[in-house]
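**Student:** This structure is in C-alpha coordinates; I'll ask about it shortly.
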Amino acid sequence: MEASDEDRPLIHHLPPQEQCSKYTCDGTVNIDSKPALKQSTGNWRACFFILGVEFTECICFYGVSKNLVTYLTSVLHESNVNAAQSVSIWIGSCFFTPLIGAFLADTYWGRYWTVVMSILVIILGMIVLTVSASPLFLNASFYNGGISRLTVYLGLYLFALGTGGIKPNIPAFGADQFDGADPVERVTKGSFFNWYYFSINVGSLLSSTVVVWVQDNIGWSVGFAGPMLLLGFGLAMFIAGRRAYRYKKLGGSPLTRVFQVLVAAVRNHRLNLPDDSSLLHELPGVTEGDYRTQHTYQFRFLDKAAILSDKNCAPAAPSSPWRLCTVSQVEELKMLLRTFPVWASLVGFFMVTAQMTSTLIEQGVAMDGRVGRFTVPPASLATFDVVAVLALIPVYDAALVPLARRVTGRDRGVSHMQRIGVGLALSAVAMAYSALVEARRLAMAAAAAGTRMNIAWQVPSFFVLGAGEVFAVIGMLEFCYEQSPASMKSLGTALVQLAVAVANYLNSGMLRVVAAATARGGGAGWIPDKLDEGHLDYFFWMMAALSVLNLLQFLHCSIRFRGNNTLSSS
(Lines of atoms letter the chains of each structure in order from A and count residues from 1; the text may use other names and numbers.)
(Lines give C-alpha, C1' and ligand atoms only; values in the text may rest on other atoms or scores of the structure.)
Protein backbone atom coordinates (compact mmCIF):
# COMPACT_ATOMS: atom_id res chain seq x y z
CA MET A 1 0.00 0.00 0.00
CA GLU A 2 1.23 3.50 -0.79
CA ALA A 3 2.54 5.73 1.98
CA SER A 4 1.20 9.22 2.45
CA ASP A 5 3.26 12.17 1.34
CA GLU A 6 4.45 13.08 4.81
CA ASP A 7 5.31 9.45 5.57
CA ARG A 8 7.32 8.99 2.38
CA PRO A 9 11.03 9.26 3.25
CA LEU A 10 13.13 11.79 1.37
CA ILE A 11 16.13 9.49 1.60
CA HIS A 12 15.93 6.60 -0.83
CA HIS A 13 18.26 3.63 -0.44
CA LEU A 14 19.60 2.13 -3.61
CA PRO A 15 20.80 -1.44 -2.89
CA PRO A 16 20.96 -4.27 -5.39
CA GLN A 17 17.39 -5.55 -5.35
CA GLU A 18 18.32 -9.24 -5.43
CA GLN A 19 20.07 -8.92 -2.06
CA CYS A 20 17.10 -7.40 -0.23
CA SER A 21 15.55 -10.72 0.71
CA LYS A 22 18.69 -11.89 2.50
CA TYR A 23 20.36 -8.72 3.76
CA THR A 24 18.98 -5.43 5.03
CA CYS A 25 18.54 -2.79 2.35
CA ASP A 26 19.27 0.31 4.44
CA GLY A 27 23.05 -0.07 4.64
CA THR A 28 23.20 -1.47 8.18
CA VAL A 29 25.97 -3.91 9.11
CA ASN A 30 26.52 -6.50 11.82
CA ILE A 31 29.11 -6.38 14.58
CA ASP A 32 31.77 -7.60 12.14
CA SER A 33 31.03 -4.67 9.76
CA LYS A 34 29.54 -7.03 7.18
CA PRO A 35 26.06 -6.59 5.62
CA ALA A 36 23.45 -7.43 8.26
CA LEU A 37 21.43 -10.61 7.70
CA LYS A 38 17.73 -10.09 8.21
CA GLN A 39 17.14 -13.48 9.78
CA SER A 40 19.75 -13.20 12.52
CA THR A 41 19.99 -9.48 13.37
CA GLY A 42 17.75 -6.60 14.33
CA ASN A 43 13.99 -6.54 14.71
CA TRP A 44 12.42 -7.33 18.10
CA ARG A 45 15.12 -9.87 18.99
CA ALA A 46 17.51 -6.92 19.36
CA CYS A 47 15.01 -4.41 20.74
CA PHE A 48 14.35 -6.44 23.90
CA PHE A 49 17.94 -5.76 24.98
CA ILE A 50 17.67 -2.09 24.00
CA LEU A 51 14.35 -1.51 25.78
CA GLY A 52 15.72 -3.36 28.81
CA VAL A 53 18.66 -1.00 29.24
CA GLU A 54 16.35 1.99 28.67
CA PHE A 55 14.07 0.73 31.45
CA THR A 56 16.94 0.37 33.92
CA GLU A 57 18.32 3.82 33.03
CA CYS A 58 14.87 5.33 33.64
CA ILE A 59 14.74 3.66 37.05
CA CYS A 60 18.01 5.46 37.87
CA PHE A 61 17.04 8.82 36.37
CA TYR A 62 13.61 9.08 37.96
CA GLY A 63 14.88 7.43 41.15
CA VAL A 64 17.19 10.41 41.56
CA SER A 65 15.01 13.21 40.15
CA LYS A 66 11.67 12.36 41.80
CA ASN A 67 12.99 12.79 45.34
CA LEU A 68 16.00 15.04 44.76
CA VAL A 69 14.45 18.11 46.40
CA THR A 70 13.86 16.10 49.57
CA TYR A 71 17.46 14.85 49.55
CA LEU A 72 18.91 18.35 49.12
CA THR A 73 16.77 19.84 51.89
CA SER A 74 17.01 16.98 54.41
CA VAL A 75 20.62 15.82 53.90
CA LEU A 76 22.41 18.89 52.54
CA HIS A 77 20.08 21.26 54.48
CA GLU A 78 19.50 23.55 51.50
CA SER A 79 16.59 25.98 51.60
CA ASN A 80 13.43 25.15 49.67
CA VAL A 81 14.15 27.86 47.09
CA ASN A 82 17.79 26.83 46.55
CA ALA A 83 16.87 23.16 46.35
CA ALA A 84 14.13 23.83 43.79
CA GLN A 85 16.50 25.94 41.67
CA SER A 86 19.23 23.29 41.88
CA VAL A 87 16.83 20.57 40.76
CA SER A 88 15.52 22.68 37.88
CA ILE A 89 19.03 23.42 36.63
CA TRP A 90 20.06 19.77 36.95
CA ILE A 91 17.01 18.45 35.10
CA GLY A 92 17.51 21.11 32.42
CA SER A 93 21.12 19.96 32.06
CA CYS A 94 19.96 16.35 31.67
CA PHE A 95 17.87 17.40 28.66
CA PHE A 96 20.56 19.64 27.13
CA THR A 97 23.43 17.11 27.26
CA PRO A 98 21.70 14.84 24.68
CA LEU A 99 23.03 17.29 22.06
CA ILE A 100 26.54 16.25 23.11
CA GLY A 101 25.67 12.56 23.16
CA ALA A 102 24.04 12.78 19.73
CA PHE A 103 27.07 14.55 18.24
CA LEU A 104 29.48 11.94 19.62
CA ALA A 105 27.32 9.09 18.31
CA ASP A 106 26.79 10.53 14.83
CA THR A 107 30.41 11.63 14.40
CA TYR A 108 32.83 9.42 16.32
CA TRP A 109 31.60 6.49 18.40
CA GLY A 110 28.38 5.25 16.85
CA ARG A 111 25.22 4.71 18.86
CA TYR A 112 26.19 1.37 20.47
CA TRP A 113 29.50 2.51 21.95
CA THR A 114 28.05 5.88 22.97
CA VAL A 115 25.37 4.08 24.97
CA VAL A 116 27.91 1.76 26.61
CA MET A 117 30.27 4.59 27.58
CA SER A 118 27.39 6.76 28.79
CA ILE A 119 26.03 4.04 31.07
CA LEU A 120 29.49 3.64 32.60
CA VAL A 121 29.52 7.39 33.32
CA ILE A 122 26.05 7.16 34.90
CA ILE A 123 27.16 4.24 37.07
CA LEU A 124 30.19 6.27 38.18
CA GLY A 125 27.87 9.15 39.10
CA MET A 126 25.57 6.79 41.02
CA ILE A 127 28.56 5.37 42.91
CA VAL A 128 29.52 8.91 43.96
CA LEU A 129 25.93 9.63 45.06
CA THR A 130 25.73 6.33 46.97
CA VAL A 131 28.99 7.04 48.79
CA SER A 132 27.92 10.62 49.61
CA ALA A 133 24.72 9.26 51.23
CA SER A 134 26.31 6.35 53.10
CA PRO A 135 26.54 6.50 56.92
CA LEU A 136 30.30 5.85 56.75
CA PHE A 137 30.79 9.03 54.72
CA LEU A 138 28.30 11.14 56.68
CA ASN A 139 29.87 10.13 60.01
CA ALA A 140 33.49 10.43 58.87
CA SER A 141 35.77 12.87 60.71
CA PHE A 142 36.62 14.77 57.48
CA TYR A 143 32.94 15.25 56.63
CA ASN A 144 31.65 18.80 56.38
CA GLY A 145 29.01 20.63 54.42
CA GLY A 146 31.37 21.78 51.67
CA ILE A 147 32.76 18.30 50.95
CA SER A 148 29.31 16.78 51.06
CA ARG A 149 27.89 19.35 48.64
CA LEU A 150 30.84 18.92 46.26
CA THR A 151 30.46 15.13 46.29
CA VAL A 152 26.70 15.20 45.69
CA TYR A 153 26.88 17.66 42.81
CA LEU A 154 29.82 15.80 41.26
CA GLY A 155 27.68 12.66 41.22
CA LEU A 156 24.64 14.52 39.86
CA TYR A 157 26.48 16.14 36.97
CA LEU A 158 28.33 12.96 36.07
CA PHE A 159 24.84 11.47 35.82
CA ALA A 160 23.66 14.40 33.66
CA LEU A 161 26.62 13.93 31.33
CA GLY A 162 26.00 10.20 31.03
CA THR A 163 22.26 10.44 30.46
CA GLY A 164 23.02 12.77 27.53
CA GLY A 165 24.37 9.76 25.68
CA ILE A 166 21.34 7.61 26.48
CA LYS A 167 18.33 9.80 25.74
CA PRO A 168 18.99 10.47 22.03
CA ASN A 169 20.73 7.22 21.12
CA ILE A 170 18.49 4.54 22.59
CA PRO A 171 15.45 5.47 20.45
CA ALA A 172 17.64 5.98 17.36
CA PHE A 173 19.53 2.70 17.92
CA GLY A 174 16.26 0.85 18.44
CA ALA A 175 14.81 2.28 15.22
CA ASP A 176 18.00 1.23 13.40
CA GLN A 177 17.01 -2.38 14.08
CA PHE A 178 14.19 -2.14 11.52
CA ASP A 179 14.91 -1.98 7.80
CA GLY A 180 13.30 1.18 6.45
CA ALA A 181 13.24 -0.34 2.96
CA ASP A 182 11.22 -3.37 4.12
CA PRO A 183 7.45 -2.64 4.25
CA VAL A 184 6.84 -5.05 7.14
CA GLU A 185 9.73 -3.83 9.28
CA ARG A 186 8.86 -0.21 8.52
CA VAL A 187 5.45 -0.71 10.12
CA THR A 188 7.00 -2.49 13.11
CA LYS A 189 9.35 0.44 13.66
CA GLY A 190 6.32 2.57 14.61
CA SER A 191 5.46 0.06 17.33
CA PHE A 192 9.00 0.30 18.69
CA PHE A 193 8.59 4.00 19.49
CA ASN A 194 5.34 3.22 21.31
CA TRP A 195 6.96 0.58 23.49
CA TYR A 196 10.06 2.73 24.02
CA TYR A 197 7.88 5.41 25.59
CA PHE A 198 5.99 2.71 27.51
CA SER A 199 9.25 1.49 29.10
CA ILE A 200 10.12 5.06 30.14
CA ASN A 201 6.82 5.44 31.95
CA VAL A 202 7.04 2.04 33.65
CA GLY A 203 10.44 3.13 34.98
CA SER A 204 8.97 6.43 36.12
CA LEU A 205 6.08 4.72 37.91
CA LEU A 206 8.31 2.25 39.75
CA SER A 207 10.74 5.00 40.72
CA SER A 208 8.05 7.29 42.12
CA THR A 209 6.65 4.46 44.23
CA VAL A 210 9.16 1.72 45.12
CA VAL A 211 12.45 3.63 44.88
CA VAL A 212 11.12 6.74 46.64
CA TRP A 213 9.69 4.55 49.43
CA VAL A 214 13.08 2.85 49.90
CA GLN A 215 14.84 6.22 50.07
CA ASP A 216 12.41 7.61 52.65
CA ASN A 217 12.06 4.50 54.83
CA ILE A 218 15.26 2.47 54.49
CA GLY A 219 17.96 4.92 53.53
CA TRP A 220 19.32 7.13 50.78
CA SER A 221 22.39 5.00 50.14
CA VAL A 222 20.23 1.90 49.58
CA GLY A 223 17.84 3.97 47.45
CA PHE A 224 20.74 5.00 45.19
CA ALA A 225 22.62 1.69 45.22
CA GLY A 226 19.62 -0.42 44.16
CA PRO A 227 18.95 1.40 40.85
CA MET A 228 22.71 1.52 40.22
CA LEU A 229 23.00 -2.27 40.47
CA LEU A 230 19.95 -2.67 38.27
CA LEU A 231 21.55 -0.42 35.65
CA GLY A 232 24.73 -2.49 35.82
CA PHE A 233 22.65 -5.59 35.08
CA GLY A 234 20.96 -3.74 32.20
CA LEU A 235 24.37 -2.82 30.77
CA ALA A 236 25.52 -6.44 30.94
CA MET A 237 22.40 -7.60 29.08
CA PHE A 238 22.81 -4.80 26.51
CA ILE A 239 26.39 -5.88 25.78
CA ALA A 240 25.29 -9.53 25.64
CA GLY A 241 22.98 -8.69 22.76
CA ARG A 242 25.67 -7.01 20.64
CA ARG A 243 25.69 -9.74 17.96
CA ALA A 244 21.96 -9.32 17.43
CA TYR A 245 22.19 -5.60 16.65
CA ARG A 246 22.31 -3.80 13.32
CA TYR A 247 24.77 -0.92 13.16
CA LYS A 248 24.68 2.21 11.01
CA LYS A 249 27.86 3.32 9.28
CA LEU A 250 29.24 6.66 10.40
CA GLY A 251 28.99 9.40 7.78
CA GLY A 252 31.52 11.91 9.13
CA SER A 253 30.81 14.97 11.23
CA PRO A 254 27.23 16.12 10.59
CA LEU A 255 28.00 19.63 11.83
CA THR A 256 30.91 19.92 9.40
CA ARG A 257 28.62 18.91 6.53
CA VAL A 258 26.05 21.50 7.62
CA PHE A 259 28.61 24.32 7.80
CA GLN A 260 30.10 23.30 4.44
CA VAL A 261 26.70 23.86 2.81
CA LEU A 262 26.27 27.27 4.47
CA VAL A 263 29.75 28.43 3.53
CA ALA A 264 29.49 27.13 -0.06
CA ALA A 265 26.07 28.76 -0.52
CA VAL A 266 27.43 32.11 0.64
CA ARG A 267 30.54 31.83 -1.54
CA ASN A 268 28.37 30.98 -4.57
CA HIS A 269 25.70 33.59 -3.89
CA ARG A 270 26.48 35.48 -7.12
CA LEU A 271 25.85 32.41 -9.29
CA ASN A 272 22.46 31.83 -10.90
CA LEU A 273 20.54 28.67 -10.11
CA PRO A 274 19.79 26.46 -13.15
CA ASP A 275 16.14 25.82 -14.00
CA ASP A 276 16.87 22.10 -14.23
CA SER A 277 17.81 20.72 -10.81
CA SER A 278 19.54 17.74 -12.44
CA LEU A 279 22.35 20.15 -13.42
CA LEU A 280 23.26 20.58 -9.75
CA HIS A 281 26.23 18.64 -8.42
CA GLU A 282 25.66 15.07 -7.24
CA LEU A 283 27.99 12.12 -6.96
CA PRO A 284 27.52 9.36 -9.55
CA GLY A 285 25.84 6.18 -8.33
CA VAL A 286 24.93 6.00 -4.66
CA THR A 287 26.35 8.24 -2.01
CA GLU A 288 28.31 7.18 1.02
CA GLY A 289 26.15 5.06 3.26
CA ASP A 290 24.18 3.72 0.28
CA TYR A 291 21.61 6.48 0.20
CA ARG A 292 20.70 9.43 -1.97
CA THR A 293 18.50 12.34 -0.96
CA GLN A 294 15.92 13.75 -3.35
CA HIS A 295 16.10 17.39 -4.37
CA THR A 296 13.38 19.70 -3.02
CA TYR A 297 12.47 23.27 -3.93
CA GLN A 298 12.31 24.77 -0.45
CA PHE A 299 15.18 26.98 0.85
CA ARG A 300 16.39 27.49 -2.76
CA PHE A 301 19.28 29.72 -1.69
CA LEU A 302 21.03 26.68 -0.19
CA ASP A 303 21.00 25.00 -3.64
CA LYS A 304 23.70 27.47 -4.64
CA ALA A 305 26.13 25.32 -2.66
CA ALA A 306 25.68 22.64 -5.37
CA ILE A 307 26.07 24.84 -8.47
CA LEU A 308 28.76 23.63 -10.85
CA SER A 309 30.95 26.40 -12.24
CA ASP A 310 34.27 26.79 -13.98
CA LYS A 311 35.97 27.61 -10.67
CA ASN A 312 34.81 24.65 -8.60
CA CYS A 313 34.84 21.84 -11.18
CA ALA A 314 38.11 22.40 -13.01
CA PRO A 315 39.99 19.08 -13.35
CA ALA A 316 43.31 20.67 -12.40
CA ALA A 317 41.86 22.02 -9.18
CA PRO A 318 39.70 19.46 -7.34
CA SER A 319 36.62 21.07 -5.86
CA SER A 320 36.70 21.96 -2.17
CA PRO A 321 33.72 20.75 -0.08
CA TRP A 322 33.63 24.31 1.29
CA ARG A 323 32.85 25.61 -2.22
CA LEU A 324 30.92 22.77 -3.87
CA CYS A 325 28.56 20.37 -2.08
CA THR A 326 26.35 17.58 -3.39
CA VAL A 327 22.57 17.87 -3.65
CA SER A 328 22.27 15.16 -0.99
CA GLN A 329 24.41 17.20 1.39
CA VAL A 330 22.32 20.33 0.76
CA GLU A 331 19.12 18.38 1.33
CA GLU A 332 20.40 17.15 4.70
CA LEU A 333 20.45 20.73 5.95
CA LYS A 334 17.03 21.41 4.40
CA MET A 335 15.61 18.38 6.22
CA LEU A 336 16.82 19.73 9.56
CA LEU A 337 15.41 23.18 8.83
CA ARG A 338 12.01 21.70 7.94
CA THR A 339 11.76 19.99 11.32
CA PHE A 340 12.18 23.19 13.36
CA PRO A 341 8.64 24.61 12.96
CA VAL A 342 7.28 21.23 14.06
CA TRP A 343 9.81 21.14 16.89
CA ALA A 344 8.61 24.58 18.04
CA SER A 345 5.09 23.16 18.34
CA LEU A 346 6.43 20.45 20.63
CA VAL A 347 8.03 23.11 22.84
CA GLY A 348 4.55 24.62 23.22
CA PHE A 349 3.16 21.21 24.13
CA PHE A 350 5.83 20.62 26.80
CA MET A 351 5.09 24.07 28.26
CA VAL A 352 1.58 22.73 28.92
CA THR A 353 2.81 19.45 30.44
CA ALA A 354 5.15 21.50 32.67
CA GLN A 355 2.02 22.68 34.51
CA MET A 356 1.84 19.18 36.05
CA THR A 357 4.84 20.06 38.21
CA SER A 358 3.91 23.69 38.85
CA THR A 359 0.46 25.32 38.66
CA LEU A 360 -1.58 22.11 38.77
CA ILE A 361 0.17 21.12 41.99
CA GLU A 362 -0.52 24.57 43.43
CA GLN A 363 -4.15 24.18 42.44
CA GLY A 364 -4.23 20.76 44.15
CA VAL A 365 -2.83 22.23 47.37
CA ALA A 366 -5.82 24.60 47.50
CA MET A 367 -8.28 21.69 47.11
CA ASP A 368 -9.61 19.04 49.49
CA GLY A 369 -7.20 16.10 49.24
CA ARG A 370 -9.45 13.60 51.03
CA VAL A 371 -10.63 10.76 48.78
CA GLY A 372 -12.53 8.26 50.89
CA ARG A 373 -10.38 7.34 53.87
CA PHE A 374 -7.18 8.49 52.17
CA THR A 375 -5.51 11.87 51.84
CA VAL A 376 -3.96 12.28 48.39
CA PRO A 377 -0.82 14.47 48.10
CA PRO A 378 -1.24 16.89 45.16
CA ALA A 379 2.02 15.76 43.55
CA SER A 380 0.77 12.17 43.49
CA LEU A 381 -1.88 13.01 40.90
CA ALA A 382 0.87 13.04 38.27
CA THR A 383 0.63 9.26 38.55
CA PHE A 384 -2.54 9.47 36.47
CA ASP A 385 -0.48 10.94 33.63
CA VAL A 386 1.74 7.85 33.74
CA VAL A 387 -1.26 5.53 34.08
CA ALA A 388 -2.83 7.12 31.00
CA VAL A 389 0.34 6.50 29.00
CA LEU A 390 0.64 2.88 30.19
CA ALA A 391 -3.03 2.18 29.47
CA LEU A 392 -3.29 3.91 26.11
CA ILE A 393 -0.08 2.75 24.39
CA PRO A 394 -1.19 -0.92 24.18
CA VAL A 395 -4.64 0.22 23.06
CA TYR A 396 -3.15 2.51 20.43
CA ASP A 397 -0.75 -0.14 19.14
CA ALA A 398 -3.15 -3.10 19.17
CA ALA A 399 -6.48 -1.49 18.34
CA LEU A 400 -6.29 2.09 17.04
CA VAL A 401 -3.50 1.53 14.49
CA PRO A 402 -5.13 -1.51 12.78
CA LEU A 403 -8.50 0.28 12.75
CA ALA A 404 -7.04 3.48 11.32
CA ARG A 405 -5.04 1.44 8.79
CA ARG A 406 -8.24 -0.05 7.39
CA VAL A 407 -9.79 3.41 7.14
CA THR A 408 -6.85 5.40 5.75
CA GLY A 409 -4.84 2.70 3.97
CA ARG A 410 -1.62 3.99 5.56
CA ASP A 411 0.97 1.66 7.06
CA ARG A 412 0.95 3.49 10.41
CA GLY A 413 -2.79 4.13 10.40
CA VAL A 414 -2.25 7.88 10.80
CA SER A 415 0.65 10.03 9.65
CA HIS A 416 3.21 11.55 12.01
CA MET A 417 1.64 14.97 11.54
CA GLN A 418 -1.88 13.75 12.32
CA ARG A 419 -0.67 11.98 15.44
CA ILE A 420 1.19 15.05 16.71
CA GLY A 421 -1.80 17.25 15.90
CA VAL A 422 -4.12 15.11 18.04
CA GLY A 423 -1.70 15.45 20.96
CA LEU A 424 -1.55 19.23 20.59
CA ALA A 425 -5.36 19.41 20.50
CA LEU A 426 -5.58 17.34 23.71
CA SER A 427 -3.21 19.77 25.46
CA ALA A 428 -5.66 22.60 24.73
CA VAL A 429 -8.54 20.48 26.06
CA ALA A 430 -6.63 19.75 29.29
CA MET A 431 -5.93 23.45 29.92
CA ALA A 432 -9.53 24.45 29.19
CA TYR A 433 -10.78 21.80 31.62
CA SER A 434 -8.32 23.00 34.29
CA ALA A 435 -9.59 26.56 33.82
CA LEU A 436 -13.20 25.41 34.32
CA VAL A 437 -12.22 23.47 37.45
CA GLU A 438 -10.39 26.49 38.87
CA ALA A 439 -13.31 28.81 38.14
CA ARG A 440 -15.63 26.39 39.96
CA ARG A 441 -13.17 26.10 42.86
CA LEU A 442 -13.01 29.88 43.25
CA ALA A 443 -16.79 30.13 43.14
CA MET A 444 -17.14 27.51 45.88
CA ALA A 445 -14.51 29.23 48.03
CA ALA A 446 -16.24 32.60 47.64
CA ALA A 447 -19.73 31.23 48.31
CA ALA A 448 -18.84 29.49 51.55
CA ALA A 449 -15.62 30.21 53.43
CA GLY A 450 -13.72 27.02 54.17
CA THR A 451 -15.49 25.00 51.45
CA ARG A 452 -12.96 23.35 49.18
CA MET A 453 -13.42 21.47 45.94
CA ASN A 454 -12.28 17.83 45.97
CA ILE A 455 -8.91 17.11 44.41
CA ALA A 456 -10.35 14.23 42.37
CA TRP A 457 -11.64 16.82 39.90
CA GLN A 458 -8.03 17.24 38.75
CA VAL A 459 -7.71 13.64 37.57
CA PRO A 460 -9.11 14.25 34.03
CA SER A 461 -6.52 16.99 33.44
CA PHE A 462 -3.64 14.62 34.15
CA PHE A 463 -5.23 11.78 32.21
CA VAL A 464 -5.84 13.93 29.12
CA LEU A 465 -2.27 15.24 29.24
CA GLY A 466 -1.02 11.65 29.40
CA ALA A 467 -3.14 10.82 26.35
CA GLY A 468 -1.64 13.86 24.64
CA GLU A 469 1.85 12.51 25.29
CA VAL A 470 0.96 9.19 23.64
CA PHE A 471 0.12 11.08 20.47
CA ALA A 472 2.41 14.13 20.44
CA VAL A 473 5.66 12.93 22.05
CA ILE A 474 5.83 9.49 20.44
CA GLY A 475 4.74 10.96 17.11
CA MET A 476 7.47 13.59 17.35
CA LEU A 477 10.13 10.99 18.22
CA GLU A 478 9.22 8.98 15.15
CA PHE A 479 8.96 12.11 12.99
CA CYS A 480 12.39 13.42 14.04
CA TYR A 481 14.01 10.03 13.39
CA GLU A 482 12.37 9.54 10.01
CA GLN A 483 12.91 13.10 8.75
CA SER A 484 16.48 13.55 9.99
CA PRO A 485 19.32 12.91 7.53
CA ALA A 486 20.82 9.42 7.72
CA SER A 487 24.00 10.80 9.28
CA MET A 488 22.10 12.76 11.96
CA LYS A 489 19.51 10.36 13.39
CA SER A 490 20.75 10.74 16.97
CA LEU A 491 20.74 14.51 16.62
CA GLY A 492 17.14 14.30 15.38
CA THR A 493 15.94 12.43 18.45
CA ALA A 494 18.01 14.75 20.68
CA LEU A 495 15.81 17.62 19.48
CA VAL A 496 12.87 16.07 21.36
CA GLN A 497 14.90 16.07 24.59
CA LEU A 498 15.98 19.65 23.91
CA ALA A 499 12.31 20.66 23.58
CA VAL A 500 11.70 19.45 27.16
CA ALA A 501 14.53 21.61 28.52
CA VAL A 502 13.56 24.70 26.52
CA ALA A 503 9.88 24.35 27.48
CA ASN A 504 10.64 24.08 31.20
CA TYR A 505 12.86 27.17 31.15
CA LEU A 506 10.27 29.10 29.11
CA ASN A 507 7.50 28.04 31.48
CA SER A 508 9.51 29.21 34.48
CA GLY A 509 10.08 32.60 32.86
CA MET A 510 6.44 32.89 31.74
CA LEU A 511 5.16 32.24 35.26
CA ARG A 512 7.36 35.04 36.61
CA VAL A 513 6.25 37.46 33.89
CA VAL A 514 2.53 36.66 34.32
CA ALA A 515 2.73 36.92 38.11
CA ALA A 516 4.55 40.28 37.94
CA ALA A 517 2.44 41.76 35.12
CA THR A 518 -0.92 40.86 36.69
CA ALA A 519 0.09 42.09 40.17
CA ARG A 520 0.84 45.64 39.08
CA GLY A 521 -0.89 48.35 41.06
CA GLY A 522 -0.81 46.36 44.29
CA GLY A 523 -3.29 43.69 43.20
CA ALA A 524 -2.97 40.01 44.05
CA GLY A 525 -2.43 39.03 40.40
CA TRP A 526 -3.40 35.78 38.75
CA ILE A 527 -1.04 33.50 40.71
CA PRO A 528 -0.67 34.83 44.29
CA ASP A 529 0.52 32.77 47.24
CA LYS A 530 -3.11 32.46 48.33
CA LEU A 531 -4.86 31.20 45.19
CA ASP A 532 -8.32 32.10 46.56
CA GLU A 533 -7.32 35.76 46.10
CA GLY A 534 -6.11 35.29 42.51
CA HIS A 535 -7.32 34.05 39.15
CA LEU A 536 -5.37 30.94 38.23
CA ASP A 537 -8.28 30.14 35.91
CA TYR A 538 -7.26 33.12 33.74
CA PHE A 539 -3.77 31.66 33.45
CA PHE A 540 -5.19 28.29 32.40
CA TRP A 541 -7.41 29.98 29.81
CA MET A 542 -4.33 31.80 28.51
CA MET A 543 -2.50 28.47 28.21
CA ALA A 544 -5.51 26.96 26.41
CA ALA A 545 -5.53 29.88 23.95
CA LEU A 546 -1.79 29.55 23.37
CA SER A 547 -2.28 25.81 22.80
CA VAL A 548 -4.91 26.53 20.15
CA LEU A 549 -2.57 29.00 18.45
CA ASN A 550 0.20 26.41 18.68
CA LEU A 551 -2.09 23.86 17.01
CA LEU A 552 -3.00 26.29 14.21
CA GLN A 553 0.68 27.07 13.61
CA PHE A 554 1.39 23.36 13.50
CA LEU A 555 -1.42 22.72 10.99
CA HIS A 556 0.00 25.45 8.77
CA CYS A 557 3.46 23.87 8.98
CA SER A 558 2.11 20.40 8.25
CA ILE A 559 0.35 21.62 5.09
CA ARG A 560 3.56 23.25 3.86
CA PHE A 561 5.58 20.17 4.82
CA ARG A 562 3.21 17.85 2.93
CA GLY A 563 3.25 20.12 -0.10
CA ASN A 564 7.04 20.18 -0.13
CA ASN A 565 7.24 16.39 0.07
CA THR A 566 4.75 16.11 -2.77
CA LEU A 567 6.95 18.33 -4.94
CA SER A 568 10.04 16.29 -4.04
CA SER A 569 8.28 13.05 -4.97
CA SER A 570 6.96 14.21 -8.30
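Note that the numbers count up from 1, one per residue, in the order the chain is shown.
Just so it is clear, glycine is given a Cβ too, placed from its N, Cα and C backbone atoms.
If you look up TrEMBL, you'll see 84-105, 112-138, 150-166, 195-214, 220-240, 342-361, 381-404, 416-435, 455-477, 489-506, 538-555 marked as transmembrane segment.
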**Student:** Establish whether the number of Cβ pairs under 8 Å between the transmembrane segment (195-214) and the transmembrane segment (150-166) reaches at least three, counting only pairs separated by 6 or more residues.
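**Tutor:** Contact between the transmembrane segment (150-166) and the transmembrane segment (195-214): absent, because fewer than 3 Cβ pairs are under 8 Å.
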**Student:** As a test: from 112-138, 150-166, 342-361, 416-435, 538-555, pick the stretch that has the greatest number of Cβ pairs under 8 Å with the transmembrane segment (489-506).
**Tutor:** 342-361
**Student:** Taking the transmembrane segment (220-240) as the reference, which of 84-105, 112-138, 416-435, 455-477 gives the largest number of Cβ pairs under 8 angstroms?
**Tutor:** 112-138
**Student:** The transmembrane segment (342-361): which same-chain residues, six or more beyond its ends, come within Cβ distance under 8 Å?
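**Tutor:** Tertiary neighbours of the transmembrane segment (342-361) are 378-379, 381-382, 385, 417, 420, 423-424, 427, 430-431, 434, 458, 461-462, 465, 468-469, 472-473, 476, 479-480, 495-496, 499-500, 502-504, 506-507, 510-511, 527, 536, 539-540, 543, 546-547, 550-551, 553-554, 557-558, 561.
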**Student:** Output the single range from 84-105, 150-166, 416-435, 455-477, 538-555 maximising the number of Cβ pairs under 8 Å to the transmembrane segment (112-138).
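**Tutor:** By the under-8 Å Cβ criterion, the transmembrane segment (112-138) pairs most with 150-166.
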**Student:** Checking distant contacts: for the transmembrane segment (84-105), what same-chain residues at least six beyond its ends satisfy Cβ-Cβ under 8 A?
**Tutor:** 61, 65, 68-69, 72, 78, 111, 114, 118, 156-157, 159-161, 163-169, 172, 254-255, 488, 490-491, 493-494, 497-498, 500-501, 504-505, 508
